[in-house]
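*Asks:* Structure in structure tokens, see below.
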Amino acid sequence: MSTDLRTRVLSEHHVSRETAASLDLYVAQLTRWQTVKNLVGPATLKEVWHRHIADALQLLSIAPEATRWLDLGSGAGIPGLILALAGKERPGFHVRLVESNARKCAFLSETARLTGAPVTVHNARIEAVIGTLTDTEIVCARALAPLSQLLAWTEPLLTSGTTGLFPKGRDAATELTEAEDEWTFTRDLIPSRTDSQARIVRVTSLSRVDP
């Protein structure tokens, strides 16, 4: 890990000393569990502060007032657990993590316990719990599914006032075009701060296209 990169990420996102310590513990946990659970792409661990920490933290700058977050397919806690660590000093900040893989949920639960992250871990399929989480302000998902599928899963939320923030790569425009065949929605394409070819798709006011 580059110490300079860590320092730059913490400075750019105005991370407190306490939060930095929590993020360091998260990175240590991720590194330890990676040896047996393969939580992230092995090559990305060398750039964990850029590829994972900074990539997650940028979502907070898009919705700085939101306190009720939901992360679908949370996996290694990216972005949800990282967001929880960054927001845990704020009153009422809470992130719900939905993950169907029990081994990954074990990592999430153990790391949340060690770091004091304000999260609830749901070991369940998205379809089984999404209807019970409609008080969510922001729903996010990274590297989980095409946008059209994400909209199908989150329809109960995005039709009820929730905002979707979905990090996407260079195919963001193509995924948007495909999604617009099935859905009507208000959207913005926000440039990623960690990858010049990536975009964060912000979605509100979702409805199905009339047949």
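If you go along the chain as it appears here, the first residue is 1 and each next one adds 1.
Just so you know, glycine gets a Cβ as well, placed from its N, Cα and C.
Quick caveat, the model's predicted, so the values are computed rather than measured.
According to Swiss-Prot, the record shows the following:
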BINDING   G73, I126, E127, R142  S-adenosyl-L-methionine binding site
*Asks:* If one looks at the chain holding I126 (S-adenosyl-L-methionine binding site), which residues at least 6 apart in sequence have a CB under 8 angstroms from its CB?
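*Replies:* Counting only residues 6 or more apart in sequence, the Cβ neighbours of I126 (S-adenosyl-L-methionine binding site) under 8 Å are L72, G73, V98, S100, W153.
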*Asks:* If the S-adenosyl-L-methionine binders are G73, I126, E127, R142 per the record, what's the largest distance between their Cα atoms, in Å?
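*Replies:* Across G73, I126, E127, R142, the two farthest Cα atoms sit 17 Å apart.
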*Asks:* Within 10 angstroms of the C-beta of R142 (S-adenosyl-L-methionine binding site), what count of other C-beta atoms is obtained when all protein chains are considered?
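*Replies:* Other Cβ atoms within 10 Å of R142 (S-adenosyl-L-methionine binding site): 21.
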